[in-house]
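Working notes for the structure below.
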Amino acid sequence: MNTVLAELHDKARAALDPVHYDYYAGGAGEEVVLGENEAAFRRLALLPRVLRGAATRDLGVDLPGGHLGMPLLVAPTAFHRLAHPDGELATARAVAAAGTVLVSGMAATVAIGEVVAAARAVDPAASVWFQLYPQTDDDVTACLVRRAEDAGCAAVVVTADSPVFGRHRRDAEHGFHDLPPGLAAENMRDLPGGPLGGTLDIGMSPTVSWRHLDLLRELTSLPLWLKGVLHPEDAVLAVDHRVAGIVVSNHGGRQSDLAPAAVEALPAVVDAVEGRVPVVLDGGVRGGGDVAVALALGAAAVGVGRPVLWGLAADGEAGVARVLDALRDEFDHVLALCGGRGLADLTRDLVVTRGTGVTGRCG
Ligand SMILES: Cc1cc2nc3c(=O)[nH]c(=O)nc-3n(C[C@H](O)[C@H](O)[C@H](O)COP(=O)(O)O)c2cc1C
Ligand SMILES: CCCCC(=O)C(=O)O
């Protein structure tokens with residue numbers, strides 16, 4: 001792990017209520033996937049190219065829904081006020097200052113309008129995206145989309161990997177089922193039909209299907225990203241259903257504990273979509289080298305989840321800023337060491353599976 005991220009993780013662990021630390025840190029089942037997301041990156045290496053000098057490297061990338069100053073965005077995570085009193089406001093400010101995108105969660109502890117306003121106060125051109133769990137009741141889905149649009153969000157990220165909430169042993173052992181008094185999922189107030197059920201599995205529905213994605217396509221003209229895709233056939237279906245982008249993700253190991261590591265699922269999804277839409281990877285990214293490997297395997301960008309929560313818990317807005325700065329700096333350094341003059345130089349032929357010498361493959 002990047003040393004700054006490791007330092008902030010340790011600081012966050014010391015600062016957080018252990019119950020909330022475990023909610024953030026934990027995974028589903030036996031936490032096999034949680035460990036594999038990071039371990040799979042350690043099994044991959046990058047062959048450097050030589051004598052391709054460039055004084056500086058352009059790290060920017062344009063995606064449907066915004067320009068990223070580096071190929072890294074902040075993945076949606078719930079309940080930032082468990083980490084710091086400023087919650088998502090602090091995260092939004094730091095992410096906007098870093099020139100990248102925050103995907104703000106439906107289960108945020110600050111309403112989406114305030115999150116976007118905080119980002120725009122730092123940078124009027126900042127893009128914030130809204131993460132949505134599609135709802136059984138179409139009126140509720142429509143209401144949430146309208147809130148995201150009214151707030152000024154630039155894209156909607158539809159999470160598809162949570163028909164039911166993963167079973168988290170750590171939360172069960174602590175008896176963690178609800179937010180402490182004073183905190184709430186602010187986007188979920190006053191929805192048609194009343195509250196959506198338990199705080200920790202807000203509105204997840206086993207009935208959600210491709211029909212709901214088509215409905216979303218009709219409800220909004222914002223770019224729609226589909227998050228939680230691992231099977232290449234689902235990636236093709238997503239393109240057929242007119243998504244603007246795909247997030248290869250196993251939800252940070254918090255849903256199916258039988259899923260493969262996210263980076264191991266990436267190449268087949270990239271191949272299946274054949275460049276028709278960009279593919280973002282999240283899960284286990286803990287350093288600039290991981291960003292480089294994901295891009296070499298065909299990701300347009302990566303998402304980071306827990307490291308941002310550690311930065312937030314350790315030092316609020318400044319902590320999140322340090323996480324993003326450290327990842328950008330390390331990625332740029334790795335890119336230079338690999339002979340990369342820009343992102344396009346990160347190609348699949350550079351990727352080697354450690355211990356096998358096999359190039360251009362993963363896992
Ligand atoms: C505490 C926590 C809460 C999360 N909440 C959400 C959520 O509300 N919606 C969602 O789509 N993904 C959620 N995720 C998954 C992240 O978006 C992302 O897929 C994952 O954190 C990436 O893995 P990483 O933490 O190893 O970077 C959550 C992850 C964590 C750790
Ligand atoms: C409470 C909403 C879901 C949060 C979530 O997706 C997670 O904890 O992984």
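Positions of Cβ are set from backbone N, Cα and C atoms, glycine also.
Caution: TrEMBL annotation is automatic and unverified by curators.
What TrEMBL records for the glyoxylate site is Tyr133, His251, Arg254, and among Tyr21, Tyr23 the residue it adds there is Tyr23.
Residues Pro76, Thr77, Ala78, Thr159, Lys227, Ser249, Asp282, Gly283, Gly284, Val285, Arg286, Gly305, Arg306 are given by TrEMBL as FMN binders; from Gln131, Gln135, that same site also lists Gln131. For the domain 'FMN hydroxy acid dehydrogenase' (1-356), the predicted model reports an average pLDDT of 96. When the record's FMN-binding residues Pro76, Thr77, Ala78, Gln131, Thr159, Lys227, Ser249, Asp282, Gly283, Gly284, Val285, Arg286, Gly305, Arg306 are compared pairwise by CA position, the greatest distance found is 22 Å.
Using Gly283 (FMN binding site) as the reference Cα, a 10 A cut-off selects His251 from the binding-site residues Tyr23, Tyr133, His251. Residues from the binding-site residues list (Pro76, Ala78, Tyr133, Thr159, His251, Gly283) with a C-beta closer than 6 Å to any atom of ligand 1: Pro76, Ala78, Thr159, His251, Gly283. Proximity to ligand 2 at the level of Cβ atoms, with a cut-off under 6 angstroms, picks out Ala78, Arg254 from the binding-site residues Ala78, Thr159, Ser249, Arg254, Val285, Gly305.
Counting in whole angstrom, Val285 (FMN binding site) lies 23 from Tyr133 (glyoxylate binding site) by their C-alpha atoms.
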